Amino acid sequence: EPPQTGRLALYLLGLRATCPPPRSHRTLVTWLKHYLEEDWIGERDGRPLTSFYQYGLGVLALCVHHKRVREGVIRRLLTAQNYGRLGHHGSLVDTRAMVALAFTCLEQRKLVGTKLAAQLRVAAHDISRDIAKLQGSNGIIGNIYSTPWALQVFLATGACQTESEFSRGMAALLENLEAFGTAATMAQVLPVLHGRSYLDIASMHCQEEPDTLTPLDMEPLAEVPGNKMVQLVVECPLPWCYELRLYDCSIPVPASASLLDVLQAAAALEPHVFKFHTQDTPHGPFLTQVLGLEARLEKRNYWQLLRAPDTPLQMGIADYRPKDGETLILRLSEW
């Protein structure tokens, strides 16, 4: 299995934000340093075994805990940024934003030498400018889930805070808050709504933090009476398949059904024809296999979720609720 770099990094960020007792996380920090090295031992074509997103997240988590990172580890990210290896298409904003946050943290916390700090500062500002250019006319940068990361970079680097890119991105978030329904997505958008970034965790004064956390009783979504029909299409273009359209069927489901419910209904309707698999992630179930075709990290492909003909969905399969008569496409795509 790939090292759990990203998962452990997220846990350490959350742990730091809860103001833990001193030295309660020392062993976990050591493990994260180990994962960063192990991640690169299995590198492919100058890329870590997991992803540059997880690698950058790991560096950021160590920085927030005021832990120095070996210069070689940092320069792997810097080289990837300088040679344009950080991501393509949908993953571009998330990955570059995470790397920019890690660079900015290392520079601001003075955890690197003067020369390297200057290089990291330049790289972070370059990333910030490039990300701003990817903003759509609707204010969204990349997709709705990438937008909080982009705005965290603007806040951390001091770039675009008074520019239209920042205000338009904030307006887009406020218009789409219903998309952030899981703990992981809430965690990335809440700092931005308070004018903060993950870097602010590093400067928290824990003695002043009141213990105000209380459980939140989540009310289940109200049931919508009736049924609906959803057209489900599976596409697999070259070079993976010779035939583009592999599945096309109208699926009857309850009116309140999510896309995940549609997939489950399709599997129940034709169990020998339609099969799919998901993987649990902090953001909810992630579609990994459809009709026996598996999306794999090493092949750089994934199952893209589209509303016909070519509109990417801004939510995951468990959150998106298609309308009656809507056509949804599962398309094996390259990132």
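All positions are counted from 1 along the displayed chain.
Using N, Cα and C of the backbone, Cβ positions are placed for all residues, glycine too.
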C63: disulphide-linked cysteine among C19, C105 [source: TrEMBL] = C105
Candidate binding-site residues T50, Q54, N143, W303, L305, pick with smallest Cα gap to C105 (disulfide bond) | Q54
Have a look at the recorded positions (C63, C105, L305) and report the one with the fewest Cβ neighbours inside 10 Å.
-> L305
